[in-house]
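Before any comments, here is the structure.
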Amino acid sequence: MRVIGVIGYKDSGKTTLIEEILKHSDKKIAVIKHTKEDVEVDKKGTDTYRLSNAGAKITVLATDSKTVFFTDRMDLENILSVLSDYNIDFVIIEGFKEALKRLNIPKIVMLKDKDGSDLIDDHTAMIIEDYNYNIDDVLKVIYEKAVVPTMNLNCGHCGYNCRTFVKAVVKGEARWDDCVLAKGIKIIVDGKIIPAVPFVSKIVGSTIKAMIETLKGVDNPKTIKVEIDVSKLK
């Protein structure tokens, strides 16, 4: 799963651009939209509202066509962590200007009458002025510049820290898949991502894959997730 942001001030065309991306891309894309408005998405008096007020940490409403999760506010890191469990190619983040900067996520900056120029920095992968863009150029930027979210791991295996790595990707001096987290193996210990060099990642991945494939009901797996409760290995 790779991420890229779309930022700009009000009426700069952010949502319209994302709509066009979704219409023209053949990739599986999730969208995160930030709003400063205090929107009440659940209605007072409904069953889900009552259950949430009664103390449910998460309330899930399932209909025949949609599923909605009601929970407390989540920061961008936690939202991305949840989305990583889905079979998604890209996540487009609308807004979250400060979080994008903090998490070193590249972005497309939308300008309207030059308004928004202050948002441009060394993580800006593309600048779009006054709605003028070619959608193929936008898709090319997304496919080449979106990165795997590192959460500021700063492991150094790529030869950079996370901030300078994204800067290098934006400038074309590095590829997004130079990051060790893009190699298909993610090791998480007690909630902390543990970086592994490609050689170690390949050994771990190949070993687990070979073991899993011997189990009944496993046929040509595409993704494998193993969670171990160490306290129960006694």
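Each Cβ is built from the backbone N, Cα and C atoms, and glycine gets one as well.
Copied over from Swiss-Prot, here are the features:
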BINDING   ASP11, SER12, GLY13, LYS14, THR15, ASP42, LYS43, LYS44, GLY45, TYR86, ASN87, ILE88, ASP89  GTP binding site
DOMAIN    134-196  domain '4Fe-4S'
BINDING   CYS155, CYS158, CYS162, CYS179  [4Fe-4S] cluster binding site
Next item on the list: Rank the binding-site residues THR15, ASN87 by the number of other Cβ atoms within 10 Å of each Cβ, and give the residue at the low end.
Entry: ASN87
Next item on the list: Check the binding-site residues CYS155, CYS162, CYS179 for other C-beta atoms within 10 angstroms of each C-beta and report the one with the most.
Entry: CYS179
Notebook entry, point to check: Of the binding-site residues CYS155, CYS158, CYS162, CYS179, which one sits closest to GLY45 (GTP binding site) when you measure Cα to Cα?
Noted result: CYS162
Item checked: Set of same-chain residues at least 6 away whose C-beta sits under 8 angstroms from ASP11 (GTP binding site) -> LYS112
Item checked: Among GLY13, THR15, LYS43, ASN87, ASP89, which are recorded as binding-site residues, the nearest neighbour of CYS162 ([4Fe-4S] cluster binding site) by Cα -> ASP89
Next item on the list: Measure from the CA atom of THR15 (GTP binding site) to the CA atom of CYS179 ([4Fe-4S] cluster binding site) and give the result in Å, rounded to a whole number.
Entry: 29
Check: Including all protein chains displayed, how many Cβ atoms other than that of GLY13 (GTP binding site) lie within 10 Å of its Cβ?
Finding: 20
Next item on the list: Measure the Cβ-based neighbour count of ASP89 (GTP binding site), defined as the other Cβ atoms within 10 Å of its Cβ.
Entry: 15
Notebook entry, point to check: By DSSP, how many residues in the domain '4Fe-4S' (134-196) are helix, how many strand, and how many coil?
Noted result: 27 helix, 7 strand, 29 coil
Notebook entry, point to check: Which value in Å gives the longest Cα to Cα span across the GTP site residues ASP11, SER12, GLY13, LYS14, THR15, ASP42, LYS43, LYS44, GLY45, TYR86, ASN87, ILE88, ASP89 as recorded?
Noted result: 38
Next item on the list: Quick one: pull the CA-CA distance for GLY13 (GTP binding site) versus CYS158 ([4Fe-4S] cluster binding site), whole Å only.
Entry: 35
Check: Per residue, counting other C-beta atoms within 10 angstroms of the C-beta, which of the binding-site residues GLY45, CYS158 reaches the highest number?
Finding: CYS158
Next item on the list: Summarise the model confidence on the domain '4Fe-4S' (134-196) as a single mean pLDDT, whole number.
Entry: 90
